[in-house]
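A quick write-up on the structure given underneath.
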Amino acid sequence: MGTKNIGKGLTFEDILLVPNYSEVLPREVSLETKLTKNVSLKIPLISSAMDTVTEHLMAVGMARLGGIGIIHKNMDMESQVNEVLKVKNWISNLEKNESTPDQNLDKESTDGKDTKSNNNIDAYSNENLDNKGRLRVGAAIGVNEIERAKLLVEAGVDVIVLDSAHGHSLNIIRTLKEIKSKMNIDVIVGNVVTEEATKELIENGADGIKVGIGPGSICTTRIVAGVGVPQITAIEKCSSVASKFGIPIIADGGIRYSGDIGKALAVGASSVMIGSILAGTEESPGEKELIGDTVYKYYRGMGSVGAMKSGSGDRYFQEKRPENKMVPEGIEGRVKYKGEMEGVVYQLVGGLRSCMGYLGSASIEELWKKSSYVEITTSGLRESHVHDVEIVKEVMNYSK
């Protein structure tokens, strides 16, 4: 028998970070990081390339807050290019301050260029801009979509995400090599969970590695296929290789609380990709639904039947199958409506700042060097959550 046990896998709920002596206040920490070899972020947050999470409104919001959004690919090439152009044509605070300081700009202008009123300049003083002063944006493509990549690059996209459920595969590597040989663009490749995959993708030109097979709330890959590595262990394994090449790791999936972001970064990620937490915000493209007195937004995995029918089948090697022959690796569901994304991101960033303060880390690079963790038991997890009391007033950043 060739099967071997390569060890225990840990995920976010299995560990707690250990506090250090600190002279660092949360408000003083720097959250700047690398998305790829050549593209930076002001905050280490990325909205996922899902058709119920990121189109131009989400991407604009993320970039204005210092992160980045990845436009999903479940649309034709022209539509995806237009989504990228809407982000690039959005008037940033920098441009407003220089050219239209007193102008009240509508969210959607009549000439097709998207703009937004400058109601809260403090919230958007950390914008993630390219070298022309435009908001940064990424876009996802699948295997062999060279023409799509070319059109996106011509539209000014800042990064291409070559997206697959199994990034350590022949056609992904072939597509990566072709893009890198023909275009001057940074490419993130995923998803992977092993040292071998990380090394091979980097050696073939990857500028960023996306880590995670099956940790997402709407993903069933680990149950349907029996494949995956718990996310903390996957990040550790992949970052141990990527760090030697100076290539950033993006932790994709499994984030439920702000504390999980700190854990992902502490074990080696440079940024995290988020889906479900942002799916309930106003800026996501998911439809609203009122059930009783509660508003929800539609949210589905890219491995669900609905998403695969709309164009993500190639991500799961099922692009040519009829619906009744598809084997889904995700579900369709709903999440509670949360209002505008600014408040959600504020809580995530605030929790991360607190984490770094506890660990005495003024930067993400310091966090890598100073962090240590303990494995906890189910009793330790139970103790970590609210217990022996009934919550009578909900808070934005916690639910059990």
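Glycine too: its Cβ is placed from the backbone N, Cα and C atoms.
What Swiss-Prot lists as active site, thioimidate intermediate is Cys219. Cβ neighbour count for Cys219 (active site, thioimidate intermediate) (all protein chains, 10 Å cutoff from its Cβ): 24.
Annotation comment: Swiss-Prot describes Arg315 as active site, proton acceptor, evidence class similarity to another entry.
For Asp163, Gly212, Ile213, Gly214, the entry in Swiss-Prot reads NAD(+) binding site, with the evidence type similarity to another entry. According to DSSP, Ile213 (NAD(+) binding site) sits in a coil region rather than a helix or strand. The number of other CB atoms found within 10 A of the CB of Ile213 (NAD(+) binding site), across every protein chain shown, is 27.
The K(+) binding site annotation in Swiss-Prot covers Gly214, Gly216, Cys219, Glu383, Ser384, His385 and is backed by similarity to another entry. Within its own chain, His385 (K(+) binding site) has Lys400 as residues 6 or more apart in sequence whose C-beta sits under 8 angstroms from its own.
For Ser217, Asp252, Gly253, Gly254, Gly275, Ser276, Tyr299, Arg300, Gly301, Met302, Gly303, Glu329, the entry in Swiss-Prot reads IMP binding site. Secondary structure from DSSP puts Gly301 (IMP binding site) in coil. For Gly301 (IMP binding site), other Cβ atoms within 10 Å of its Cβ number 26.
Residues annotated as compositional bias 'Basic and acidic residues' in Swiss-Prot: 96-116.
Taken from Swiss-Prot, the feature region 'Disordered' applies to 96-125.
What surrounds the NAD(+) site, by Cβ distance within 8 Å of the Cβ centroid and not counting Asp163, Gly212, Ile213, Gly214, is the set Ala165, Gly190, Asn191, Val193, Lys210, Val211, Pro215, Gly216, Cys219, Thr221, Gly228, Asp252, Gly253 from the same chain.
Using a 10 Å radius centred on the Cβ of Gly216 (K(+) binding site) and all shown protein chains, the other Cβ atoms total 25.
In the structure as shown, the Cβ atom of Glu383 (K(+) binding site) sits within 10 Å of 10 other Cβ atoms.
Under a cutoff of 8 A between CB atoms, and with a sequence separation of 6+ in the same chain, the neighbours of Ser217 (IMP binding site) are Arg256, Gly275, Ser276.
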